[in-house]
């Protein structure tokens, strides 16, 4: 048998889907192929890696995927990947196919899975795929800017009816435990104030803030992060609405939910993805392994796992103060 000369990479998407994941597959495949690297896709994330669900990239038609949301290769929750024997089988599946490098597109849990695989000798690269923007090694994550656009579009629609009927609108956005979607969404839509995990408001504080806004105008639009109301002793949004309605502040609740994952990636999103994908393939060409790729000021950057995991989150208190200046 002749010795293997062509490098092989496997790519998987993991965690919650994010707009731009498909575009990342497209760009990685394009740049890898032009560098004479053979590409495989792993279906259904780490679940598929364990179950050996690898297919050559040329078997999937990506021609309509650049502008589509979701992930055409799937993503499944797979808590069993925490078990060493499961990861060992996943690593063995890569080894038997002579895969040289694994590229993981996902959030912080996906990154940890890659780090654990790297400890078993798998050469890994991670790209930040999550709408939550909670990967500290990247200024913006893949999907965040597009989710932000979906918030802008939906809040714009909510604003018109809220103003027409002189109401209070509470718009809940995603973000898990990161407030960036709420903060940047509030900035993009000129919302009256914002509530995030770093500036939580109880019912009394929320009511006081709304009343301050209503002193100057007949409507109020509030953007709140998910996982605040209805948790840790805070009233549910339904209870808040009932309280406001009973106190002559008619309230509409709008939870944007998974619509934030469903928009086609924006132009800037695609530009950043293209640059990060090219950077990833360049790192593979240099055999600089076990790297976390991100972007800073629209320039691709890379760090090793320990560097990336030890980066602190960005302090958004100044931005929150700007948004909430009328309720302070």
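These residue numbers are counts, starting from 1, taken along the chain as shown.
Placed from the backbone N, Cα and C atoms, the Cβ positions cover glycine too.
Annotated active site, proton acceptor per Swiss-Prot: 132, in sequence order. Annotation source Swiss-Prot lists ATP binding site at 16, 77, 78, 107, 108, 109, 110, citing similarity to another entry. Residues or ranges marked as Mg(2+) binding site by Swiss-Prot on the basis of similarity to another entry: 108. Among the features that Swiss-Prot reports, substrate binding site is placed at 130, 131, 132, 167, 174, 175, 176, 226, 258, 259, 260, 261, with the record citing similarity to another entry.
A simple Cβ count within 10 Å picks out one of the binding-site residues 77, 176, 258 as the most packed, and that one is 176. If you measure from the Cα atom of residue 78 (ATP binding site) to that of residue 176 (substrate binding site), you get 19 Å.
The recorded positions listed here (16, 77, 107, 109, 132) include 132 as those with a Cα within 10 A of the Cα of residue 174 (substrate binding site).
Within 10 Å of the C-beta of residue 132 (active site, proton acceptor) we count 26 further C-beta atoms, all protein chains included.
The 10 Å shell around the Cβ of residue 78 (ATP binding site) contains 19 further Cβ atoms across the protein chains shown. The shortest Cα-Cα distance from residue 110 (ATP binding site) to any of the recorded positions (130, 132, 176, 258, 260) is found for 130. Within 10 Å of residue 16 (ATP binding site), counting C-alpha to C-alpha distances, fall the following of the binding-site residues 130, 176, 260: 130.
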